[in-house]
C-alpha cells in the first residue's frame, strides 16, 4: 500500500552513485598521472594560455619593482616604489650581462613595498639601465624568491625602454612553469655600449617557462643596420639578438611580436622541448642578419602558425639541431627556411630529423634550402623533409648549396660535369662566360662540347657547380614533396652538392612550378644538379636532372 507516497528509484540512485564514484576515481587517477608525468605536457601549443590558464599565480608586476614607461620618464613624475634594496650586482638569478650575480640563497620576494621612497641604488644609471634593474628585480622575486608557488611576471601596457637583461633560473616552483606575460611595448636601448654580450633579453637555465601575451619587443635595429658594411662584417656579428633562450627546456612562446631586431629576432641554444606558436617576427627585407629564429644545439623544437618577414632566414636550423618541426609558417620577405649554414666552424655537430610542412613563401630569395660551407669541418645533415609548400615568386624555390659563402668564385668556374635539363624546346649554349674563360672552354671540357642552358637566363641565375675546396658535410635522406607555385628565376631546382661528399637519397615528389619573373625572352624553367643521387615521383616541372 503506497498511501500516496512514491518510493525512491533505488536502481537510479545506484546508477548515479556508481557514476559519481567512477568520476571521482577517474579524477583522482588523472590528478595522480598529471603529477607524475613529465613536465613536458604543460607546454604543448594550443589556445592562448594567458586567457585560459586558470592557475592561481602570484603576480609580479615590473612597475611595482621600479619600471617606468617612457611617458613617466619624460614627465619626471615620482619614481615607482621599489621592492627591496639590492643593487644589480647583488641580484640572485639574474643580472645585466657582464655583471656578477648574487648567490642563489639570497631572496627578497616577500619583502613589502618600500613606502619610504624610491630605491637609490640605481643612481647614475641611464633610464634604460634603471628599467633593466627593475625588470631583473621582478624576475628574481618571481623565480628565485621565497614564494615557491606558481608565479607570473607581468609587463603591463605602456612603452618601456630597457637595456640588456638576463633572466636566469632555475626557478623555485617544481611543478608549474613561470609565466612572463607581455602586454606592453618593450623597446631596446640603441646604445650599443650597454651590450657587453650580443643579447638583449636572455632567458637561461629555466626548466618550465611560458612567454605569452600580445605585446611587442622592438629591437630598434635601424641604426645598427646602417653601420654595417656587409652581412658578414664584425659589426653584424656583434649586434645583439632580441630574445636569446640559453639552455631553456619545456617552454611555450606564444602570441608575442618582435620588430626590427638588431640581429636575430630569436635564438635558441641548448634548448629542449620548446614550442613557438602564433608569433610575428618582422623586419624589412633589406635588414641584414635579422633571422626570425635561429636554432642550434637544440632538440624537440616546434615552430607553428607564425608569420615571419625578415631580412634573412625566416628560420635557420644550425649545427647540433635534432627533431625540429616547422609547420604553418608564412615566410616573406626573407631568405627562406634553411638548414644551415653548416661547416663554417670546426667541430660543428650534425643535424637530423628536420620536418618543414604547410608553409608559404612569398617574395623570398630562397624557399627550401640546405647550405654548407667548404672547408675542413665535417658533419652530416640527414632525415630532412620539406613538404606541402607553396612558393609565390621565390627566386630559388628548392636549393642545396654546398658552396655557401663562395658565390663570387663560382661565376669564374668551368662547368666540369654539370648536368642541366631544360623544360620546353629552347636551348642555348651558356653565354657571358667572358673571353678568357670562354676561349679555353673547349680545351677544358672537350672540343665542341656544349652545356645546354635555358634560353634568356641571366648568367647570375646559374649557381654553377661547387668549386675550390669541397664541403665535407654529407647530405642524405632528403625529401622535397608536393612543392608548387611560382619561381622568379628560370632555375627552379638547384642541387649543388659536394664532390667530396655527394648527396645521397634525395627524393623529389610532385614538384610543379611556373615561371613568374622579369625575363621577356623565355618562361621555360630548368633544374640543375651536381654530385647528387636523385629519385623522383609524380609531376616534375621543371624536368629533373639526374
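For all residues, glycine too, the Cβ spot is worked out from N, Cα and C.
The shown structure was predicted, so the numbers you read here are calculated from the model rather than taken from an experiment.
From the options 94-131, 132-169, 170-207, the stretch TrEMBL describes as region 'Disordered' is 94-131. The range from 21-40, 41-60, 61-80, 221-240 that TrEMBL describes as region 'Disordered' is residues 221-240. Cross-referencing 410-441, 442-473, 474-505 with TrEMBL places the feature region 'Disordered' at 442-473. Around residue 335 (active site), the C-beta neighbours below 8 angstroms that are at least 6 residues distant in the chain are 310, 312, 313, 314, 364, 365, 366, 369.
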